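What Swiss-Prot says about this one:
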BINDING   473-480, 519-523, 573-576  GTP binding site
COMPBIAS  49-60  compositional bias 'Basic and acidic residues'
COMPBIAS  91-103  compositional bias 'Basic and acidic residues'
COMPBIAS  118-154  compositional bias 'Basic and acidic residues'
COMPBIAS  174-206  compositional bias 'Basic and acidic residues'
COMPBIAS  225-236  compositional bias 'Basic and acidic residues'
COMPBIAS  243-252  compositional bias 'Basic and acidic residues'
COMPBIAS  328-339  compositional bias 'Basic and acidic residues'
DOMAIN    464-633  domain 'tr-type G'
REGION    26-375  region 'Disordered'
REGION    473-480  region 'G1'
REGION    498-502  region 'G2'
REGION    519-522  region 'G3'
REGION    573-576  region 'G4'
Amino acid sequence: MVLTNVKQFASEMNLTPERLLEQLRAAGVSKRSPEDSLSAQDKSQLLDYLKRSHGAREDSGITLTRKSTSEVKKADGSTVTVETRKKRVVVRPDDAPRAEAPKPAEPAPAPAAAPAEAKPEPKPEPKVEAKPEPKPEPKPEPKVEAKPEPKPEPKPAAAPAPRTVASILSPEEIAAREAEEKRQAAFRARQEALMREKIEREERRQAAKLAASQPAPEPAPVVEPQREERRDDRRGAPSGDNRGPRGNDNRGPRPAGAGDRGPRPGGDNRGPRPAGAGDRGPRPGGDNRGPRPAGAGDRGPRPAPAAAAPSQPPAPAPGGSRPGKGKKGGERSWDDNKKGGRGLKTKGGDAGNDWKSRGGKGRNKQNNQHAFQAPTEPIVHEVLVPETITVAELAHKMAVKAVEVIKTLMKMGMMVTINQVLDQETALIVVEEMGHIGKAAQADDPEAYLDVTDGETVEVVEQPRSPVVTVMGHVDHGKTSLLDYIRRAKVAAGEAGGITQHIGAYHVETPRGMITFLDTPGHEAFTAMRARGAKATDIVVLVVAADDGVMPQTIEAIHHAKAAKVPMVVAVNKIDKQGANVERIRQELVAHEVVPEDWGGDTQFVEVSAKMGLNIDALLEAILLQAEVLELKAPVDSLAKGIIVEARLDKGRGPVATLLVQSGTLKKGDVVLAGTAFGRVRAMMDENGKAIDSAGPAIPVEILGLSDVPQAGEDAMALADEKKAREIALFRAGKFRDVRLAKQQAAKLENMFAQMAEGEVQTLSIIIKADVQGSYEALAGSLQKLSTEEVRVAILHSGVGGISESDVNLAIASKAIVIGFNTRADAAARKLAENEGVDIRYYNIIYDAVDEVKAALSGMLAPEKKEQILGTVEIRQVITVSKVGNIAGCMVTDGMIKRSASIRLIRNHVVIHTGELESLKRFKDDVKEVKQGYECGLMLKNFNDIQEGDQLEAFEIVEVARSL
């Protein structure tokens, strides 16, 4: 029998060992530590306890599975075996569901309780023939009263949810969900209260108007009997009103009369109704029930009596034409049914205000002229707008039709489609235009997701941590030698050759504490890290050679440290060499506002020798002293946060990232998010390549398991939810891709006219593959700085890892050069490159790559043309030959003259003509050149105006290669 311990079983069940121990104790299994073993009996006992606690029950069904095999013959004579599987579930009859069946009927009397109380009131109902009241009247009434009721109903349904998911969600998450539901319920209740208050205010205002001007409804009795007859003939409805009780508002029976039904004699005090059964006006009394919903008769809002009384026309003759039907629907328009609401169109009354009424549409317009309109104020939504959103998604968030959003955008001058993507700024303007509240959503901010667990992390006690030190300085000032000596002196003997295991950061144990040294790829990477606001470096050690002094890169390092507001410790190296002048270095550093403590400043100066090992302990002591002043602290028992120092692509292990933990503890199995890369930590190693399970603050580690190679200097953090990490990473990748494409498009548009004006720019396309991410970044930046107005370097692709066949194919398509920095091409890539003639160059030093690319760009520059004077010729005799022209007999007085040279004719020190030679002869022979002191005969091309004494200057145009 295989035994497992509590810790292993907890990891299988996705529980913490402490939680599993609590459940085991509650089940009666005595286990004290996560290392205790668990038997099958213990697991069975725990399972029985969990079933009892969660209310498990026996299966009430039997599953029958039937399988049959048959063969089907095809046309070609072959057979195909067909297997048919049938599955049937037989449910065992159970008494429990029958007993529980009547329970859902209990809430039913609740909504009917209100009408039940009003049953004694409508007893005099048979005396009154309320024929104008259509039967659909009870339908709108429950709609108004039932609107708020379904909203509280989900609350009891949500009660059992914590019991069913208690084993999955923590109590804090359940409490957060319940708080969110309460907040939503309060928000809905507040909106309903505001709407009711608005309706009541409108009704009170309308009631005041009705009370001020209340005409006598005299024409009503004349019209109503005929309407009664027509309605009865049309509907065939019984004369009695069998609609049942109206509610608990203590209204008395209605008097006879279909149109003007008069005041209710009950205690309703609502004043007289206006004429017209189909379109009943508002209740002028104190009945604050809100507007009637459009029912079967499409009665809509009740108009004011002042408008209703004059609008009654004389009764039409039985056989005569009805008003409003003289033309073929001539009175109808698009606005006919707008004022009566958008209810269901059914057969209405004859009062002239229904869509099928016989009174014509003209009266309908008069009736509704001063009618009370139902409040149409929309519910204000709080819309979270991401960085990009489509028109359809934006309309869905505002609970409106997409057509309305498109109309709003058209008013703003934008012609869009329903699937067009809007940017965040435009979407926020649209939301505000449509009367809603727009807020910019921070969907890609992990801090917003971690706000839920802030209550846990705030209480974590911060503990002192070791300092993170960056060593900076000029190239040849002994920075690397100093780091090597510190590792050799303070690390175990077996790690003496640990420089080859370079991961960019390592920590050193000293008698007074631990120090983490950070070796950034260069100053630019250091600035980029500081610009992101990540406090990766606590102290900067500035290395200055005593025999060389302050150099440009030293000054640059000082500026970086001051911009980041990081304290400095100056290490004056090479003090054992002759010619070392420490005092001169102090004076030069003071000129750059780095004042030593001896001179009243705040910067420690330590004189060291990396070669001899002098004062190395004093340097470490100064670093730890500065760290004590800073009081560096960080939480330990929380999710880890850190920064990516370096990243590379390992052929066997995939993406490998060097992570410097800044706060919290990173454990094996945590989900890490770094920019657009995410993944679960499959393995962790320290700087010596040893596998570790956890790393605390200020500890550098190599992690494996990320989905892609992250950017150097990117912030990294551990998340509790892998799904959320994937969502954020994919969102960032899509956003970065959109931004990159937008930038490229903008650059094309901006540079289009400039390139057309300046002519075509020569472009050198390059593909860079490097060993680590920092290397190709530095190389790409250095090469792009070589671009000028005439030649340009285009980095088509850059990445980490070896040169693959896909890289060579890209180079073939784009006619690019492939540069491998500390990498090599595989066999397939080499063979393809040889066959296609792709140039692959390998470099180990960045300066060699920059120099060769610079030389290639220089060759692409247009050569510079210069004029080189060859010699001077004096014309001593002019011979005229018919059909040939003038021939000059000359003497070469200086230099030489060539047959291919250009000629400049000078007369009286003035240039008369510039051209070419047509022929050059010495005696009767054609010659290519004539040197100084010899005579020759020559003839100019297309020019005969030559005289004795003229000077001829021979010159040629020479192209001189340019360089960057």
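Any Cβ shown, glycine's included, is placed from N, Cα and C.
Secondary structure of the compositional bias 'Basic and acidic residues' (174-206) per DSSP, as helix, strand and coil residue counts: 33 helix, 0 strand, 0 coil. In the predicted model, residues of the region 'G4' (573-576) average a pLDDT of 84. Counting Cβ atoms from all protein chains shown, Lys479 (GTP binding site) has 22 others lying within 10 Å of its own Cβ.
Sequence-distant neighbours of Ile575 (GTP binding site) (same chain, 6+ apart, CB under 8 A from its CB) are Ala546, Val582, Glu607, Val608, Ser609, Leu614. Reduced to three states, the DSSP call for Gly473 (GTP binding site) is strand. Lys479 (GTP binding site) falls within a helical segment according to DSSP. In the region 'G4' (573-576), the DSSP tally of helix, strand and coil residues is 0 helix, 1 strand, 3 coil.
Its Cβ taken as reference, Gly473 (GTP binding site) is surrounded by 23 other Cβ atoms within 10 Å in the chains shown.
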